[in-house]
Amino acid sequence: MTFRAIKISDMQLITYTNSNILIMKTIFKSTLLGALAFATCTTFISCEKEQLDNSQEQLDDQVIVEKNSIELAYPETKGKQVTIQLYGESVEAEKIGDEYIVGGDMIFTENDLKTIGAKSVGRTGRRWPNNTVYYDIQSSLPNQARVTNAIAHWEANTNLRFVRRTNQSAYVYFQVGSGCSSAVGRSGGRQTINLAAGCSTGSTIHEIGHAVGLWHEQSRADRDQYITINFNNIQANRSYNFQTYGQQGQDGNEYTNSLDFNSIMLYGSYAFSKNNQPTIVKKNGSTYNAQRNGLSSGDIAGLKIMYPGGGTNDICDGVSPYSSSQSYQVGDRVTYQGYLFERTSTNWKQIGKCGSSSKSFSNQDVPDLNDVASN
């Protein structure tokens, strides 16, 4: 499983039952060592839905998994293939309008590239502090039970807890969308999970996975030990969707020991197929189906490493110390001389003292990171 996060715009997710296209899954990517790769900028992962052949994903709690469904940003549009600079690496992308699509469902804007494209950015893990995800639901969102049921599934299987937002600035907002899409990792402000009418409970579980930092499973660095990518079967100008996170210019490590074929975050065997032949097969040549029923045992094991239980509720837990050699984005958190700081658009904001769950403290003798920070 792999963790990663980057800032982008809304995306759409479309599901086909045509045997040309399959299911996408995801993996954990983290800038911390492990099998889940974790994100640091804020990206939107899209998971849209389109017309299904006689079987569209249902809105009720029973997830219908289609053999040939896939999450895409713009499934009906093919853009121009270009090369962009992302975290100091040359990365293939598809340009549609003023957006750049990487990996099929991650969208970067021109502003994103100006912010992160020209330099190698030092990353910090964007986990949710204290294993707590704050959220709110748009009042007009249909079938809100899919959200509450998905949250119940996450709480029953992981150490994460979901709390209805009051005045918290960083939270997930479930809203009506043209597809199923989400930001990846904690962005530090309001971040959306977009749900179209066809996004099921299983799709919502998948999108929450993105929001807490999950990345696509087939992007892990060691994937070639477990699967074979049949590039000859991939649609024209779509091969970039099959890059590992390293090939995409992103860093990360794996917490799990091997690729998880049951992960809720994995492409299916016919993703982006141009000829009804599989684009991804197991090493023995066999195909497999993707699932959207719920978190796999591998997903759960990786998440428990990423979000361990029984901790001390320390607000600085898992946050890296400030480094003058790194560049930071809005929402990044660091520790400095025993205190937690968060990057704003203009400076570093003091959050609280390490070693406690409190965000309130006296300003007396509190260090000011702005006195030494260059960014």
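Just so it is clear, glycine is given a Cβ too, placed from its N, Cα and C backbone atoms.
Marked as active site by TrEMBL: Glu207.
According to TrEMBL, the feature Zn(2+) binding site maps to His206, His210, His216. Secondary structure from DSSP puts His210 (Zn(2+) binding site) in a helix.
Residues annotated as compositional bias 'Polar residues' in TrEMBL: 356-365.
The domain 'Peptidase M12A' annotation in TrEMBL covers 119-317.
Annotation comment: TrEMBL describes 356-375 as region 'Disordered'.
Confidence in the domain 'Peptidase M12A' (119-317), given as mean pLDDT, stands at 85. In the shown protein chains, 31 other C-beta atoms lie within 10 A of the C-beta of His216 (Zn(2+) binding site).
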